[in-house]
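Engineer: Could you have a look at this structure, given as structure tokens, before my questions?
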Amino acid sequence: MGHDLMTFVPLVLGLAGASVFAGLLAGFLGVGGGIVLVPAMFWMFNLINFPEALSMHMAVATSLTTIVFTAISSARSHYKRGGVDTALLRAWGAPIALGALAGGLVARFIDPAGLQAVFGIVGLLVAANFLMPRSLVLADTLPQSRVANYGMSGTIGFVSSLMGIGGGTLGVPTLSAFSVPIKRAVGTAAAFGLIIAVPAAIGFMISGATVPGRPPLSLGYVSLPAVVLIIPFTTALAPIGARLAHKVEPQWVKRGFALFLGITAIRMLLG
């Protein structure tokens, strides 16, 4: 990790740019920003010679920590506009949180290639969903079965935790599949992001606490310098993205993002 200052300047600028993009998307599509930040940090950590075995875990954990703050900002903006389904939030909150905590705790036992595969495969599925001319609809309402609701919400928390993402990437298509209006799905999924990020980040801090070779200023798998750099950008831009979501037709943004995500997911799968 012996690079001079001029090596770090473009990396810092690149991460700042990714943070701006992540903040806007967090508000606009309810995706939490992690779908942008995880690959950006993964590649940047590798460029500055982070230990190879830690780069993906630290990218995921650091992303989740920043989402705590981004989700507060984004969810508040959606709530003010009536876009958060508080009843659904109460019903799904506990299983989402438990799934997210479990993901953070078991991540230590998954090798980096495994985390990359999770991100790449789910990323491709999400990109394909964004490109569909119509959202997949399975039913007119959410299931009445408590087991089905707990299973879906717990899975969203667990997989999102392993990917380092907020609630929107999996939450929005899931809610849309059960006929939740898109703006309410985006707003509610933005709130899911907070319920995912807090326990998941804690899980990664605990599971990474005794891992050797971590860089200085790390809390478990979380890189504190990266958190400090990212948060001002994502929290400032998320409310702007949320305002745009209530004013702009999102179809073209979704298609552009799907292309970006598809390329990113393939690169992640290829290592």
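Positions of Cβ are set from backbone N, Cα and C atoms, glycine also.
All annotation found in TrEMBL is predicted automatically rather than curated by experts.
Residues or ranges marked as transmembrane segment in TrEMBL: 12-42, 54-75, 87-107, 113-132, 153-173, 185-206, 218-240, 252-270.
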Engineer: For the transmembrane segment (252-270), what are the same-chain contacts with Cβ under 8 Å, counting residues 6+ beyond its ends?
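Structural biologist: 25, 28-29, 35, 39, 42, 116-117, 119-124, 126-128, 130-131.
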Engineer: Taking residues 6+ outside the transmembrane segment (185-206), which of them lie with a CB under 8 Å of any CB in it?
Structural biologist: 26-27, 29-30, 32, 57, 60-61, 64-65, 67-68, 70-72, 74-75, 78-79, 81-85, 88-89, 92-93, 96-98, 100-105, 107, 156-157, 160-161, 165-168, 171-172, 175-176, 219-222, 242, 245
Engineer: Counting only residues 6+ away from its ends, which parts of the chain sit with a Cβ under 8 Å from the transmembrane segment (12-42)?
Structural biologist: 55-56, 58-60, 62-64, 66-67, 70-71, 73-74, 77-78, 116, 119, 123, 126, 160, 163-169, 171-172, 185-187, 189-190, 193, 196-197, 223, 226, 229-230, 233-245, 248, 250, 253-254, 257, 261, 264, 267-268
Engineer: Quick one: find which recorded stretch in 54-75, 87-107, 113-132 has the most Cβ pairs under 8 Å with the transmembrane segment (153-173).
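Structural biologist: It is 87-107 that shares the most Cβ pairs under 8 Å with the transmembrane segment (153-173).
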Engineer: Take the C-beta pairs under 8 A between the transmembrane segment (87-107) and each of 54-75, 113-132, 218-240. Which stretch has the highest count?
Structural biologist: 54-75
